[in-house]
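Colleague: This is the structure I have questions about; it appears just below.
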Amino acid sequence: MPMKRWVDFEPNDPRNPINFPRREKWLLTIVACLATVLASTAASAYNLGFESMIRDLNCTQFQATIGLSVYPLGFAVVPMFTASLSEEVGRRPLYLWTALGYELAFVMIALAPNIQTVIVGRFLQGAFASTGATMVGGTIADVWPVAERGLPMSIFALAATFSLGLGPIIGGWIEMNPSLGWKWINWVQMTWSGAFIPAAYFVLKETRSTIVLEKIVKQMRKKTRDQRYRARVEKPELLKLMWISCTRPTRLVLTEPVVTSFSLWIGFLWGVLFCLLESISGVFKTLHNFNVGQTGTVFVTMCIGPLLGFATNLYQEKLYKKYFPTRNAEARLIASCYAAFLLPIGMFIYAWCSFPKVHWISLCIAITIYMWGTFVVYLCIFSYLADCYGPYASSALAGQSLARNILATVFPLFTQQMYQKLTYKWANTLFGFLALIMVPIPFVLFYYGPKIRMMSKFSRMAVESQK
């Protein structure tokens with residue numbers, strides 16, 4: 001049997017994605033983050049078209065709301081399979097094919113003859129859009145070393161949260177035009193989403209190092225006609241990989257205290273966020289007589305909050321570098337300890353300013369504060385889990401993403417009923433008290449995180465693997 005000739009990257013090999021020129025890394029990062037922008041914009045722009053959709057499709061408010069809910073359901077389920085698939089076929093094919101599917105989903109929704117077709121289209125759209133939410137983090141990890149990953153990951157998180165406010169701003173003014181309405185909210189989004197496909201084709205080259213190495217080896221075999229060349233990579237079977245990616249995240253959420261607590265916290269915050277997406281229209285129309293265009297403009301607050309969070313994270317990075325020698329991974333949690341208080345404060349202001357006699361700007365301030373805290377917590381959790389779980393980080397992050405998006409699916413389904421029975425004041429007060437109960441989570445982990453992690457199987461294994 002002929003001896004295999006193993007091939008690996010050489011030190012500082014320019015073909016290795018981690019050694020790409022810095023300019024190329026930033027171009028890859030920006031275009032990949034555009035996929036995140038598109039995914040978040042579609043998540044929130046949809047509900048601004050409820051009024052014309054209910055009229056045209058003769059459906060109920062609840063049926064239209066299901067379309068809002070099933071979008072994050074696609075985010076929750078599909079990445080379990082696509083994450084492992086990217087290990088086998090690479091990042092680039094998934095970006096291109098899901099971008100095409102995402103584009104076609106807009107056509108399906110805009111031409112839908114009934115609400116059932118819209119709901120199916122929204123689920124498929126969320127499934128295709130999940131690439132922009134999950135694959136981008138992998139792309140950033142492919143090309144940026146750990147020490148330089150802070151700013152690119154912050155930009156990724158900013159793209160995810162900032163764009164939740166961007167979609168409704170545009171959607172509100174489209175809905176204002178009686179000859180446009182919900183169909184044109186989809187047609188307009190389809191237009192700019194279509195522009196992403198050529199950008200992805202020409203810019204998003206393959207960044208998964210194992211796939212790049214296999215392509216190099218394939219070219220070597222073709223050029224030399226020597227079939228002994230083999231890539232020095234370890235890749236488990238695809239079915240085994242899929243089984244692990246589907247079961248391990250759930251296992252981590254159920255058995256690891258750190259992952260469980262953070263999954264519940266960020267899941268609650270994301271669920272309330274989707275409730276806000278649905279409730280803002282009712283609050284500002286009912287209490288302050290805003291038209292749909294003006295209501296859409298209110299979502300500027302969902303853009304301002306993440307920008308404040310982004311600025312906060314720049315300071316958090318300085319704190320991390322200062323306290324890492326003494327606090328290790330827990331230094332990632334300093335900003336979240338302060339942000340934990342912003343969340344109930346934002347909700348209580350939103351609750352107790354829900355009166356016609358109170359100026360509407362107070363509600364805008366409340367939403368901004370809530371989004372500020374949500375961004376900081378989201379990014380701190382993302383960074384902390386990545387640091388703590390090492391080789392199991394992708395599973396830990398997938399677990400919290402699963403919990404986060406499932407709760408985002410469930411919460412909007414009871415939003416209208418809850419506000420009708422409890423009123424805006426008391427329903428949001430309830431959210432505020434729940435957020436207040438969760439304030440101790442980052443403090444407990446900041447002070448006792450190392451002990452808690454050493455009691456957990458996967459985190460203990462991650463620490464041992466890093467020694």
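Each residue, glycine too, has its Cβ placed from N, Cα and C.
TrEMBL feature annotations, pasted as is:
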| type | residues | note |
| --- | --- | --- |
| DOMAIN | 28-453 | domain 'Major facilitator superfamily (MFS) profile' |
| TRANSMEM | 61-82 | transmembrane segment |
| TRANSMEM | 94-115 | transmembrane segment |
| TRANSMEM | 127-147 | transmembrane segment |
| TRANSMEM | 154-174 | transmembrane segment |
| TRANSMEM | 186-204 | transmembrane segment |
| TRANSMEM | 258-280 | transmembrane segment |
| TRANSMEM | 292-312 | transmembrane segment |
| TRANSMEM | 333-352 | transmembrane segment |
| TRANSMEM | 358-385 | transmembrane segment |
| TRANSMEM | 392-414 | transmembrane segment |
| TRANSMEM | 426-448 | transmembrane segment |
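Can you tell me where each of these features sits in this structure?
Modeller: Residues 39, 42-43, 46-47, 50, 53-54, 94, 98, 115, 118-119, 122-131, 133-135, 242, 245-246, 249, 270, 274, 277-278, 398, 401-402, 404-406, 408-410, 412-413, 415-416 of the same chain lie 6 or more positions beyond the ends of the transmembrane segment (61-82) yet place their CB under 8 Å from a CB of it.
Under 8 Å from some Cβ of the transmembrane segment (94-115) lie the Cβ atoms of residues 32, 35, 38-39, 42, 53, 57, 59, 63-64, 67, 82, 85-86, 121-122, 124-125, 127-131, 135, 183-184, 186-187, 189-190, 193-194, 196-197, 200-201, 204, all in the same chain and six or more residues away from its ends.
Proximity of distant same-chain residues to the transmembrane segment (154-174), defined by a Cβ-Cβ separation under 8 Å and at least 6 residues beyond the stretch ends, is recorded for 29-30, 32-34, 36-49, 133, 136-137, 140, 180-181, 184-185, 188-189, 273, 277, 280, 292-297, 299-307, 309-310, 313-314, 371, 374-375, 378-379, 382.
Tertiary proximity for the transmembrane segment (292-312) is limited to same-chain residues at least six positions away from its ends with a CB under 8 Å from its CB atoms, namely 44, 48, 51, 154, 157-158, 161-162, 164-173, 175-176, 280-281, 284-285, 335, 339, 360, 363-365, 367-376, 379.
Only residues 6 or more beyond the boundaries of the transmembrane segment (333-352), in the same chain, are considered here, and those with a CB under 8 A from a CB of the stretch are 269, 272, 309, 312-313, 315-316, 319-320, 323, 362-363, 365-374, 376-377, 380-381, 384, 424-429, 431-433, 435-436, 438-439, 441-443, 445-446, 449.
Residues 137, 150, 153-154, 157-158, 160-161, 165, 258-259, 262, 265-266, 269-270, 272-273, 276, 280, 283-284, 287-288, 290, 298, 300-302, 304-306, 308-310, 312-313, 316, 329-330, 332-333, 335-336, 338-343, 345-347, 349-350, 393, 396-397, 400, 442, 445 of the same chain lie 6 or more positions beyond the ends of the transmembrane segment (358-385) yet place their CB under 8 Å from a CB of it.
Among residues of the same chain six or more beyond the transmembrane segment (426-448), those with a C-beta under 8 A of the stretch's C-beta atoms are 258, 261-262, 264-265, 268-269, 272, 275, 327, 330, 333-334, 336-337, 340-341, 343-344, 347-348, 350-352, 354, 377, 380, 384, 418-419.
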